[in-house]
């Protein structure tokens with residue numbers, strides 16, 4: 001009989017305040033801060049330092065765990081966010097409901113840039129695969145892919161018009177993208193081509209942003225310069241001429257490449273008109289590190305009303321104030337006057353030629369420079385490196401204490417050590433007056449107001465210990481020990497310590513012992529959150545602790561070659577003299593090499609110790625006499641555990657293997673290749689022969705060492721798993737990782753079989769092969785993706801499954817129609833013929849309705865790729881069903897999209913198929929009728945809403961409402977037209 005096991009699943013993740021690989025943003029109202037917490041999104045109330053909610057991504061169809069969050073963007077018009085992941089997917093989230101509303105799969109690599117348009121209708125994404133994809137947020141589908149960069153796309157921003165956000169004269173929408181290939185590209189979204197390439201940086205371009213009035217664009221790169229550009233709203237008028245010019249140059253890419261190789265700026269007027277971005281010069285930053293985040297922010301409380309923040313990859317974040325037009329003009333005149341005075345002094349000194357050359361430079365003299373507009377307001381210097389910054393919106397920041405002490409804005413910094421810092425920026429009166437001339441001093445001050453760091457460790461989690469009743473969990477890291485509630489993930493206690501490497505609870509669960517890297521044993525009182533003693537136990541790092549089965553003490557193993565036995569006791573406190581828990585050294589066992597792990601058998605008879613020489617020595621616990629030497633590992637054993645019945649010993653080594661040993665004779669039962677990297681932790685499930693192992697390959701595995709079979713692979717961590725602890729009942733497993741997270745895995749009531757898990761692993765390998773086939777080397781185009789513009793989606797396992805479902809529905813409908821046809825023929829010959837039994841797979845629907853149901857189930861973002869994988873014969877059969885569906889007038893928008901996609905994908909084959917001509921003529925007539933009917937209905941509804949809005953406005957302002965009656969009369973022809981279209 002096949003044995004069934006109970007499944008373990010991820011039940012909770014905690015310990016991450018803000019991932020270092022993700023940016024931080026405020027929501028639209030500025031009330032909550034959104035941070036990446038590995039694969040989740042954490043919603044924080046920074047003022048209260050409280051976690052409000054966590055957005056957990058749904059498990060994919062293949063069961064694959066979501067990638068780490070790398071980018072977050074908040075919609076400016078709705079309470080909605082877009083989240084980009086390391087696996088290339090993008091998810092749209094409703095913040096109020098906490099639900100994922102749409103999933104986009106368009107990138108092959110990590111999403112590195114996200115930005116909404118000003119109206120929130122469009123979303124642009126950039127990735128490490130060098131592509132930029134534009135998405136329709138309302139339609140939940142991709143529009144197109146823009147290719148041209150040869151390096152990772154680091155930032156994108158929409159430019160929707162000129163000053164005030166109004167559309168330009170040409171009505172063109174543009175997108176600006178920055179990349180690590182040292183280029184900034186401007187894309188015309190109407191023609192979907194690159195209309196300008198800016199070669200201004202001498203290194204990688206890391207961030208860019210436009211000001212609220214859309215007249216300036218700032219870029220930050222690998223050097224210490226902050227470059228400013230003027231946005232020309234009238235550039236590129238006459239779009240057709242621009243496209244013709246680009247086509248004449250071979251699409252613009254060859255000419256741009258030649259200019260880039262020569263290190264030249266593209267000529268003004270290229271690509272059909274003046275350049276969109278006109279350089280204004282640069283401002284030298286104080287921080288020597290590269291610019292990580294450059295963002296404009298409208299701050300009504302500041303002079304000028306706009307701030308520019310530049311967060312570097314180091315410890316400095318600079319805040320600049322954008323001067324008003326009058327102040328910038330005054331600064332420019334002062335600069336010109338000083339330049340002339342300097343030239344006159346040089347001329348008087350005999351350097352007339354050089355002075356005249358400097359004084360007669362019209363480009364430097366007449367135009368406004370970046371240094372004229374920007375003034376350093378404050379420089380934030382933190383103790384640790386920052387990873388991202390966000391400016392609190394004026395509504396939230398101003399409501400807190402507007403105008404108090406010159407306060408103008410609040411900034412949040414996401415730090416590299418898993419914490420958040422809230423800074424207040426103030427504008428001083430005297431300091432501002434002194435610094436207003438552009439001098440070297442800052443015109444304001446910045447103070448750190450708050451730090452959010454208690455909910456996680458500053459470095460990786462190195463040791464874990466569960467209480468005997470699984471009520472609390474202790475984690476040890478560098479400089480701190482934290483006590484958690486493993487069910488809720490709440491941090492209960494935080495205590496300062498050394499670099500903890502191992503830990504255990506004392507009997508009663510009120511005290512804990514931690515062995516650290518300095519060789520000390522630290523005793524903590526959990527109830528009072530204090531360290532009551534620190535014993536210098538060893539001269540080297542304490543790598544392992546093991547409790548004695550009788551509860552009288554514990555054993556410690558260290559790199560100083562000693563194994564020491566300790567007993568619990570009571571002693572006076574050195575501070576107060578009160579009696580408290582203490583430990584006393586009783587025995588020492590000298591070893592020949594560093595001791596990496598020690599374990600005591602549950603029956604208390606044997607002591608096992610793993611050494612640096614890759615052997616495991618077993619001793620009698622009472623006499624400390626040598627019993628067994630277990631050798632066979634090629635590298636040292638890093639962790640081991642003994643079963644509850646004291647018959648089996650499982651060792652995990654740096655050679656990636658685990659070995660199962662019998663403790664009766666020391667024989668090796670089996671050697672199993674366990675992980676793709678070193679095995680860091682091994683633990684038995686109590687009262688069983690099931691084992692959990694954790695490794696540097698980021699996964700936890702579940703084994704049956706009686707049958708020597710791998711049962712489960714628990715994926716979830718995004719870095720090396722250092723430690724794990726199994727609950728006393730075996731229903732709970734807690735793991736700690738280098739990604740600073742702690743995860744709780746719980747045993748469920750769902751049974752599974754080993755063969756089923758093997759099949760799932762094979763399917764995951766198939767999906768990996770599918771993604772590998774769709775991947776190209778960095779900077780090169782994948783097969784079939786030549787050209788500057790491409791489809792937004794990509795082939796995934798979900799799109800393959802959707803195409804298979806459509807084909808299966810077509811086959812089933814065809815078989816059912818064939819059965820119906822045969823029945824009609826039999827009935828014509830024999831009126832008493834019995835009708836065929838209904839097919840249960842159709843669920844009571846007709847064959848045509850079943851196919852429509854299958855097509856409608858495909859998500860909008862995956863529809864194009866699913867139809868792309870249909871063979872031409874199946875596509876032709878689907879188009880035949882479209883005629884009947886359009887005649888019924890149901891789901892016109894979906895059917896129109898399906899028809900246009902099929903026609904675009906199979907145009908050449910349809911032109912060469914004479915049998916498809918009647919079908920295409922029917923589709924042409926029906927599509928025009930149904931789409932026109934929809935347009936009339938929407939126009940009628942829109943006009944009705946405008947009439948109602950006008951009526952309400954007149955009722956509030958002027959009584960009467962004569963225009964409302966005229967508007968109602970104008971609606972009658974539209975209403976009749978819509979009714980006639982619906983009747984057809």
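Numbers run from 1 along the shown chain.
From the backbone N, Cα and C atoms, a Cβ is placed for every residue, glycine too.
For 355-366, the entry in TrEMBL reads compositional bias 'Acidic residues'.
Annotation source TrEMBL lists compositional bias 'Basic and acidic residues' at 818-829. Panel annotation: around the compositional bias 'Basic and acidic residues' (818-829), residues 835-836, 847 of the same chain, lying at least six beyond its termini, place a Cβ under 8 Å from a Cβ of the stretch.
Averaged over the domain 'Small-subunit processome Utp12' (848-950), the predicted model has a pLDDT of 87. Annotated domain 'Small-subunit processome Utp12' per TrEMBL: 848-950, in sequence order.
For 247-274 (among others), the entry in TrEMBL reads region 'Disordered'.
If you look up TrEMBL, you'll see 324-368 (among others) marked as region 'Disordered'.
For 814-841 (among others), the entry in TrEMBL reads region 'Disordered'. Secondary structure of the region 'Disordered' (814-841) per DSSP (helix as H, G, I; strand as E, B; remaining residues coil): 18 helix, 0 strand, 10 coil.
Look at TrEMBL and you will find 69-103 (among others) tagged as repeat 'WD'. Within the chain, the repeat 'WD' (69-103) has long-range Cβ neighbours (under 8 A, six or more residues past its boundaries) at 19, 21-29, 32, 34-41, 43, 53, 55, 57-58, 109-116, 118-120, 123, 125, 127, 129, 135, 137, 140, 794, 859-861.
The annotation repeat 'WD' is assigned in TrEMBL to 104-137 (among others).
Annotated repeat 'WD' per TrEMBL: 146-197 (among others), in sequence order.
What TrEMBL records for 198-232 (among others) is repeat 'WD'. Among residues of the same chain six or more beyond the repeat 'WD' (198-232), those with a C-beta under 8 A of the stretch's C-beta atoms are 151, 154-155, 157, 159-165, 176, 178-186, 259-260, 263-266, 274-285, 287-288, 290-296, 298, 306, 308, 310, 320, 322, 370, 373-374.
Within the chain, the repeat 'WD' (454-494) has long-range Cβ neighbours (under 8 A, six or more residues past its boundaries) at 12-17, 49, 51, 417-419, 500-505, 507, 509, 512, 514, 516, 522, 524, 526, 529, 719-720, 722-729, 732, 734-742, 744. Residues or ranges marked as repeat 'WD' in TrEMBL: 454-494 (among others).
Listed as Cβ neighbours of the repeat 'WD' (535-567) (distance under 8 Å, sequence separation of 6 or more from its ends, same chain) are residues 501-504, 507, 513, 515-523, 583-604, 607, 609. What TrEMBL records for 535-567 (among others) is repeat 'WD'.
When Cβ-Cβ distances below 8 Å are used as the criterion, the repeat 'WD' (630-671) is approached by residues 596-597, 599-603, 605-606, 608, 610-618, 677-684, 686-689, 691, 693, 695, 703, 705, 708 of the same chain, each at least six residues removed from its ends. What TrEMBL records for 630-671 (among others) is repeat 'WD'.
Residues or ranges marked as repeat 'WD' by TrEMBL: 672-713 (among others). Helix, strand and coil content of the repeat 'WD' (672-713), in residues and according to DSSP, is 0 helix, 25 strand, 17 coil.
Annotation comment: TrEMBL describes 714-746 (among others) as repeat 'WD'.
Packing against the repeat 'WD' (672-713) from elsewhere in the chain are residues 3, 5, 7-8, 635, 638-644, 648, 650-660, 719-726, 728-730, 733, 735, 737, 745, 752, 754, 757, 761: each is 6 or more residues past its ends and has a CB under 8 Å from a CB in it.
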